[in-house]
Structures are given as structure tokens and as C-alpha cells.
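These come from Swiss-Prot:
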DOMAIN    100-256  domain 'Helicase ATP-binding'
BINDING   Leu113, Ala114, Cys115, Gly116, Phe117, Gly118, Lys119, Thr120  ATP binding site
MOTIF     206-209  motif 'DESH box'
Amino acid sequence: MSLLKMEYNLYTELKKMTCGQSLSLFNEDGDFVEVEPGSSFKFLIPKGFYSSPSVKTSLVFETLTTTDNKITSINPTNAPKLYPIQCKVVSEVVSNMRKMIELKRPLYITLHLACGFGKTITTCYLMAIHGRKTVICVPNKMLIHQWKTQVEAVGLEHKISIDGVSILLKELKTQSPDVLIVVSRHLTNDAFCKYINKHYDLFILDESHTYNLMNNTAVTRFLAYYPPMMCYFLTATPRPSNRIYCNSIINIAKLSDLKKTIYVVDSFFEPYSTDNIRHMIKRLDGASNKYHIYTEKLLSVDEPRNQLILNTLVEEFKSGTINRILVITKLREHMVLFYKRLLNLFGPEVVFIGDAQNRRTPDMVKSIKELNRFIFVSTLFYSGTGLDIPSLDSLFICSAVINNMQIEQLLGRVCRETALLDRRVYVFPNTSIKEIKYMIGNFVQRIISLSVDKLGFKQESYRKHQESDPTSACTTSSREERVLNRIFNSQNR
């Protein structure tokens, strides 16, 4: 730990990384406070900040030669086989770490790699190279299985802890596994933090973007007060301010053969309203809608739009155009609505729900990976980041209010490299609730723009359903309605 006075140059360097947000650190009294320019207090500067050689410092940091937390059970023949692009990442990491050791810099690296790159297998390869006892920290239980599979493939002795940190600490008195796989809430326990700081050299923070380290969280406190000897942050969408805790970044572009298309399912709706909708509309401009809660609630009860989503999905699934579908909503009640309706159509052998309130959901996710055809309905919170179903070929985004980081993570669920190359995303920019039509159009346009401009998707209009089903709510049977549709869409965007 390094307690330093906040001099001008240090403050400027740290503040630059927050991209205009407030800069918060632990002060000498242990309080997590916002740092003001010219402050006379001393602050705890994160170890990982000094991993970049561009940061000037006279501090000298320990290297691995001073510890003895080595893995003794490594068999080099068990190291996973990597693609050439993954080997390039490994080469970059090894080269950077040699320089860090030479310069006495902390061995902290952020692996900023695209969704579907194979961050888990690449990091397991690095873990085998380092040969150091490792803690893998994940934000939720759902991500544990993919790490377990890769760690077992490398042949390392490991322990998974999901039943509570107190039970784990008791077990660690009689055993010392080479790899610990834990959920991040374990870091709220100081005794556990002290233990891994002493007995484990490598700390891997998976999905690091899910943690805002400018907040006083368990991960923030751990990295500040119990900094590991080596650390990897893994993410496809890094938070700029998190660089303060891990200031060396490796980012290698990934070329893909995937054919990625985002289908814009336009429709012209007659205005739709109910007593419930009218009641929620009154709350749109109030403080209760600060995070667009009521905007999403209105979408969840927009019956014509919901029916359009269902009609599109059913037609595409029945035709065999898509086979392994992820349906994403923002709200749980919206998820349950789609699940029940799809369950009535296709049955429990095909339709599954990714419910955060069901403890069996992670086991269910494992079971559907081998299915040739399925529909998985879940929420953005549960399945928007880290969902490990590589075979997904299509995504239906029923929500609208999603930030850029969430959009990129969500689209990454259908960008995993497999033998099948076609990937389809369906978005629905229209609503029958006139009070939110422009807002929804703008939010969905942001999804479209990011997918095309940054992630390499091709945009196409989806017309099949409207032309083939004259009885649906989204029928455009006349030339006049098609003209109105085009006018409406141009206004929406």
C-alpha cells in the first residue's frame, strides 16, 4: 500500500482516467471519499495504477521471486490449445510482464478482448504458464461452470465456493487447492482477503466492467488493502475509471468469419391504452422514472408490440431459420410473460427460463448447451453478461433502455465462434404507446448504430412476417399503410 499526498500531477493523472466522473479513494483514516484538487489529506493509491510505465514513480514493487505460492501439480501436456490470435495475446502478456519485472512494476494487466474471443481459455493458459496459486473471482454463480470446465481441462486441483465464505475458510484450514473459484461477495470477509493475499499470488477478476471501482465495494476495498501479487482484469467493455486499479491494457483486434445481421422489425401500430398504461404514463416525467423504470414497464404491457415479437420469433423458429434463441427483457414480469406464452406454444422440452430467483437455473443452462433447438428467455441482468451458451444463433432484444456497455455485452452472447457462422439479432423500434414512441425509437437506434459501427453487424429490415400474415397486429396490407410506416420510422429515428 502507498499512502501519498495528492500532489497536482498525481491528481491530474488519476482524474484523467475517470473521464469526467468524480475521483474517489480511501484516505489515511480509511474513509472512502471524493478526492478534491489541492487536498491536504493522504490517499491510498492503488497498486495497479503503477503497472503502466508511463506513470512516473520512485516506488519499488515486489516481484514473484519473493513468494513461494507455486502450483506443484502442473502437467505441461495439459495446457489448452489456443488459436493463433490467442497465442498472440499470450505472447504480448509474457513480453509485458518481463518488462514489468525488470522495471519493478506491479504485474497487473487488463485483457480487453472482444466477446467470443475466448478470454477464459486464454487466461487458463496464462495461469498454467505462471504456475502460481490462483483465485478466480466472478460476479455471479452462473459464470463458475465455464471456469470449472477449463481449469479441470488444465488438470489443476481446484475448489469452488458458492455456499459461503465462512464454510470455505474452515475447509482451507485442512486443504490448500491450487485454484479457488469464488463469487465476489466473498471479498466482504477480511479474514478471507488476508488469507488469499498471503497464500495466493494470482488474482483474476472476471467481467471486471461489472464493478464500479469508484464506489466503495468489496472488490474496491480488496484491491486497495489486500492487493494481490499478480492480477488480471478480464473484460470486453472496460470501465475507464477502473484503470486506476489496473493500468496496463492489452487489446488485440479479433477477425471473425461470422455473418452477423441485425434485423429491424418495423411496424405501424394503432394507439393502444389501458387503465394501467394511463396510470404509468403519468409517472414518466417524475423522479420515479429516473432510470426509465416506467418506460420499460410500459413496454412490458404493450400488447401489440409483445405480439409482434412473438409472431416474429415463432415464424422464424418454425421455419428453421433460427434454432437456438436468447430472448432478453429488462423486467422480470416481462420475461415471465414471454416464457408462459412460448411454453404454451412449444412446451418445456424447448422453452426454458433464465430466472435469477431460481437456484437451479445454472444447472439448467448447462443442460441446454447440447440441445439442437431451444428458446431461452431471460433478463438483461441475469444473462446480459457472461452467459456461456456458445451455440446461440439468435437474439431477440425486447427491451430498449440499455447503455452502450450492456449493448456490447449482450450482443456478444451471439458472437461466439462455432462451426455455424450465421448470427441474427432482432430489434423492435416501434411501440403502440404514443407517449414513448420517440424515446423507444431513439434507444433502439442506439443499439442498431453500435452493432453496425462497432461490432460489424449488417443492418436489414425484416419484412417476412408482415407480408405473410395478414391477420397479425402488425399487418401492412395497403400501400397507404406502408407509406405511413416509412414516415413513422423516419420520425422515430
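Just so it is clear, glycine is given a Cβ too, placed from its N, Cα and C backbone atoms.
Keep in mind that what you see is a predicted model, and the values were worked out from it rather than measured.
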Env. residues of ATP site, Cβ within 8 Å of mean position of Leu113, Ala114, Cys115, Gly116, Phe117, Gly118, Lys119, Thr120 Cβ: Thr122, Ala236, Lys254, Gly412
Those residues of the chain, 6+ apart, with a Cβ under 8 Å from that of Cys115 (ATP binding site): Ala236, Glu408, Gln409, Leu411, Gly412, Arg413, Cys415, Arg416
Conformational class of Ala114 (ATP binding site) under the three-state DSSP mapping: coil
Within the motif 'DESH box' (206-209), residues counted as helix, strand or coil by DSSP: 2 helix, 0 strand, 2 coil
Whole-number mean of pLDDT values that fall within the motif 'DESH box' (206-209): 95
Sparsest-packed among the binding-site residues, when each Cβ's other Cβ atoms within 10 Å are tallied, from Leu113, Ala114: Ala114
Other CB atoms, at most 10 A from the CB of Phe117 (ATP binding site): 25
CB within-chain contacts under 8 A for Gly118 (ATP binding site), separation at least 6: Leu82, Tyr83, Gln86, Glu417
Protein Cβ atoms within 10 Å of Lys119 (ATP binding site), excluding its own: 23
List of residues, in chain order, with Cβ under 8 A from that of Gly116 (ATP binding site) and at least 6 apart: Lys254, Ser256, Gly412, Cys415, Arg416, Glu417
